[in-house]
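A.B. asks: Structure below; questions to follow.
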Amino acid sequence: MSVPFDPASYDRQLEEKTVRLRELLAPFDAPEPQVFDSPREHYRLRAEFRLWREDQKRYYAMFAPGDNRTPILLEGLPIASERINALMPVLRERWEASPTLNHKLFQVDFLTTLAGDAMITMCYHRPLDAEWQAAAEQLAAELNVSLIGRSKGQKLIIGQDYVTEKLDVAGRTFSYRQPEGAFTQPNGTVNGKMLNWAFDALGERQDDLLELYCGNGNFTLPLATRVRKVLATEISKTSVNAALSNLDDNGVDNVTLVRLSAEELTEALNEVRPFRRLHGVDLKSYDFGSVFVDPPRAGMDPDTCELTRRFERILYISCNPETLAANIAQLHDTHRVERCALFDQFPYTHHMESGVLLVRR
């Protein structure tokens with residue numbers, strides 16, 4: 001659910017979110033949450049637009065939730081990065097001037113980074129040929145972007161099919177490949193604040209870390225520098241490949257990444273059954289003191305929640321405070337909330353990103 005874009009009301013909206021998080025965590029005697037705000041505009045590093053034809057022209061369009069028939073036609077998007085806003089009108093001029101680029105184009109996606117990279121994905125209801133490739137190569141060079149052309153069963157890459165982000169955590173710069181089509185944190189500034197909070201909350205450890213739902217290694221890279229070694233899990237092939245590249249690019253060599261779900265890992269740790277994907281991984285060699293979880297909106301399922309109970313410290317990043325509270329309630333008899341935080345990843349919506357550190361009683 002969204003609320004109107006109104007920078008003048010930002011502080012009030014953030015306070016309302018803070019009150020809501022405070023209320024949800026009150027039953028667990030949680031400390032006052034640290035609050036990390038967002039830039040008021042140009043904070044979103046990615047944007048996806050359908051194209052809407054009107055008066056023989058195509059316009060960028062978005063739709064209100066639940067209404068895919070009434071387009072909101074856009075010249076720019078104030079919540080999107082300055083780079084996206086600069087690219088939008090130029091790209092539209094170019095496709096309007098080029099029948100090859102324009103023909104059966106129905107969607108345009110932008111992905112940018114704080115480090116200055118940009119990638120545009122153009123989606124078509126037709127096969128893409130050599131003529132399109134030549135026009136796209138010229139366009140990519142002119143705009144200084146990577147360009148992806150997509151149609152059914154086809155993906156043409158001009159440049160690279162990822163962008164590179166650089167984020168500073170505790171004085172060290174980490175480089176992240178963010179692949180086209182994979183999940184990335186949309187608010188880069190707040191993501192940097194989350195990484196630094198998690199790094200500080202975990203602290204310097206002499207034991208090992210288990211990470212569930214590691215994605216492209218967003219948290220894995222900085223947290224790996226705080227522990228002896230890390231076992232990280234992820235099920236998306238695209239994210240696994242990106243995470244492996246990111247570990248290599250940053251010289252992080254104490255992480256083992258396995259393609260298992262949280263449920264499968266629970267079975268492996270409980271020795272319910274062996275997994276071929278764990279071949280060569282000696283689970284008994286790990287001395288896990290902490291677990292890091294960043295689950296989907298549904299939160300942790302009961303079995304995964306029980307798995308985390310066996311760890312002294314649970315570092316939990318949540319995109320849904322209601323399911324976070326439900327998971328804490330399940331763990332509250334053995335773990336207390338030592339730290340909590342609100343990260344305003346999504347200004348002008350009711351969505352909240354939050355974090356807690358749970359420590360065994």
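In case you wondered, yes, glycine gets a Cβ from its N, Cα and C as well.
Feature list, courtesy of Swiss-Prot:
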- Cys319: active site, nucleophile (ACT_SITE)
- Glu353: active site, proton acceptor (ACT_SITE)
- Gln185, Tyr213, Asn218, Glu234, Asp294: S-adenosyl-L-methionine binding site (BINDING)
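Can you tell me where each of these features sits in the structure?
C.D. replies: DSSP gives Cys319 (active site, nucleophile) a coil state; it is part of no helix or strand.
Following the DSSP three-state reduction, the secondary structure of Glu353 (active site, proton acceptor) is strand.
Glu234 (S-adenosyl-L-methionine binding site) has a Cβ environment of 24 other Cβ atoms inside 10 Å.
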A.B. asks: Which is it, of Gln185, Asn218: the one of these binding-site residues whose Cβ has the most other Cβ atoms within 10 Å?
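C.D. replies: Of Gln185, Asn218, the one with the most crowded Cβ is Asn218.
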A.B. asks: Rounded to a whole number, what is the top Cα to Cα distance in Å among the residues the record ties to S-adenosyl-L-methionine, namely Gln185, Tyr213, Asn218, Glu234, Asp294?
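C.D. replies: With Gln185, Tyr213, Asn218, Glu234, Asp294 as the binding residues for S-adenosyl-L-methionine, the largest Cα distance is 16 Å.
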A.B. asks: Find, for the listed recorded positions Asp294, Glu353, the residue with the lowest Cβ contact count at a 10 Å cut-off, counting only other Cβ atoms.
C.D. replies: Asp294
A.B. asks: Could you give the Cα-Cα distance between Asn218 (S-adenosyl-L-methionine binding site) and Cys319 (active site, nucleophile), in whole Å?
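C.D. replies: Cα of Asn218 (S-adenosyl-L-methionine binding site) to Cα of Cys319 (active site, nucleophile) measures 15 Å after rounding.
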